[in-house]
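Feature annotations, courtesy of TrEMBL:
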{"type": "DOMAIN", "residues": "98-307", "note": "domain 'ABC-2 type transporter transmembrane'"}
{"type": "TRANSMEM", "residues": "121-139", "note": "transmembrane segment"}
{"type": "TRANSMEM", "residues": "151-180", "note": "transmembrane segment"}
{"type": "TRANSMEM", "residues": "192-220", "note": "transmembrane segment"}
{"type": "TRANSMEM", "residues": "226-253", "note": "transmembrane segment"}
{"type": "TRANSMEM", "residues": "260-279", "note": "transmembrane segment"}
{"type": "TRANSMEM", "residues": "291-310", "note": "transmembrane segment"}
{"type": "TRANSMEM", "residues": "342-366", "note": "transmembrane segment"}
Amino acid sequence: MFSSLGRQCPNDYNPAEYYLTQLASATSSNGDGKKDNSEFVDKCIRAFQQSTYNQLLMGTITDIKQIPYNELSFAMKYNEFISSESQKESELDSNFFRQMKWLLWRAFKSGARDPVRTTSLLLRSLIPAMIVGIIYFQSAKTPQTVQNSNAIVHITLGTNCITNSFVVLATFPAAMKIFLRERKRRLYNTGAYYLTKLIADLPFFILMPLLYSIIIYWLVGYRTDWRFFLLFCSTTVLATLASVAFHHIIAALAQTIDDAVSFALPFIETAVLFTGFMINNASIPIYFKWFQYATWFYYAFSVILIGLWAPIANIPSCKFEEYCFQSGKEVLQHYAIPVKMFWFDLTMLFVLIIAYHLIAFGIVLIRAKRS
């Protein structure tokens, strides 16, 4: 009907949103604009009144009015029963992979239009990377710049983990409301929804920390070693994925975006302290060790620092006796990071990603059943 009136919906636009926008614009108070929009709405009403669908609808209403009340009540209950049964059958007929196919299609469509996941996230990732890279531009490897090199690692992990996690906090609570409503209608099962969401989000949460890491690495002037370059970038990506997975737990528990952010902020501010940079690992009280081992910051920071300093046999220009690191081994000893724990720390990043997502999925499943 809209196309016949000269308002064809663009191919890359959501039809429902386009049609509502065309009709809602009639309430604008822009003089001539209001007149034109009102005329268009009047044309829509006349076109609908003359349509075949309207004639069939009016005929159905007339037939229903002639049915006695008892028969009508029985007919309505019968239709409700048939509708519920057909709904169950459609759920059984729609297999898991078919559900994932259409959920992925919708997720990629909506994700590409969402500025929180595209333009906004890109700017919030690349601009800080340029600023940090310029501040620490081509830092020389001397005892006096050891702290700078370690600070860059700390900043890289903190910025990427926090920035990408807030995307989850800003979108997942609203997505949960849509999911719970559609789950009541038995459109798809919980496993298909959650797995699809992970697959659709994965490119965003890999690309953003990867771009940030590449910019930082070459601006700062880390050594030209392709193995450490891969380690630096991949560990940053893994830490970001672990942070995103954890914040899925918070977002799944929260009813609103404000609640999710309020719950997440205290944990993030505390977890950043336990990387090993802000507080030396050797001085952390024993009753806080469990918290350190449950966070991704500690493992990622340790992995990158081992890769950065373990191969350095000699740090030149050591002029100060008291605070002077002569080798990379001394740097690691100062931060209480054992080299032998490298593979364990790297493995723990994968373990945390899987564990966090399993917990988040369990929460989503419980909420779906309770609703």
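Backbone N, Cα and C atoms are what each Cβ position is placed from, and that goes for glycine too.
Given the structure is predicted, the values throughout are model-derived calculations rather than measurements.
Taking every listed stretch (151-180, 226-253, 291-310) in turn, the largest tally of C-beta pairs under 8 A with the transmembrane segment (342-366) is reached by 226-253. Counting same-chain residues at least six beyond the ends of the transmembrane segment (151-180), those with a Cβ under 8 angstroms from any Cβ of the stretch are 114, 116-117, 121, 124-125, 128-129, 132, 136, 139, 193, 197, 204-205, 208-209, 212-213, 216, 220, 236, 239-240, 242-244, 246-248, 250-252, 254-257, 259-261, 264, 268, 272, 275, 277-278, 296-297, 300-301, 304-305, 308, 364, 367-368, 371.
Distant neighbours of the transmembrane segment (192-220): 96, 99-100, 103-104, 107-108, 111, 117, 121-122, 125-126, 128-130, 132-134, 136-139, 149, 152, 156, 159-160, 163-164, 167, 175, 179, 183, 229, 232-233, 236-237, 239-241, 244, 357, 360-361, 364; these residues of the same chain sit at least 6 beyond its ends, with a Cβ under 8 Å from one of its Cβ atoms. Same-chain residues lying 6 or more positions outside the transmembrane segment (226-253) and placing a CB less than 8 Å from one of its CB atoms are 156-157, 160-162, 164-169, 172-173, 176, 201, 205-206, 208-210, 212-214, 217, 260, 263-264, 267, 296-297, 299-300, 303-304, 307-308, 311, 346, 349-350, 352-353, 356-357, 359-360, 363-364, 367.
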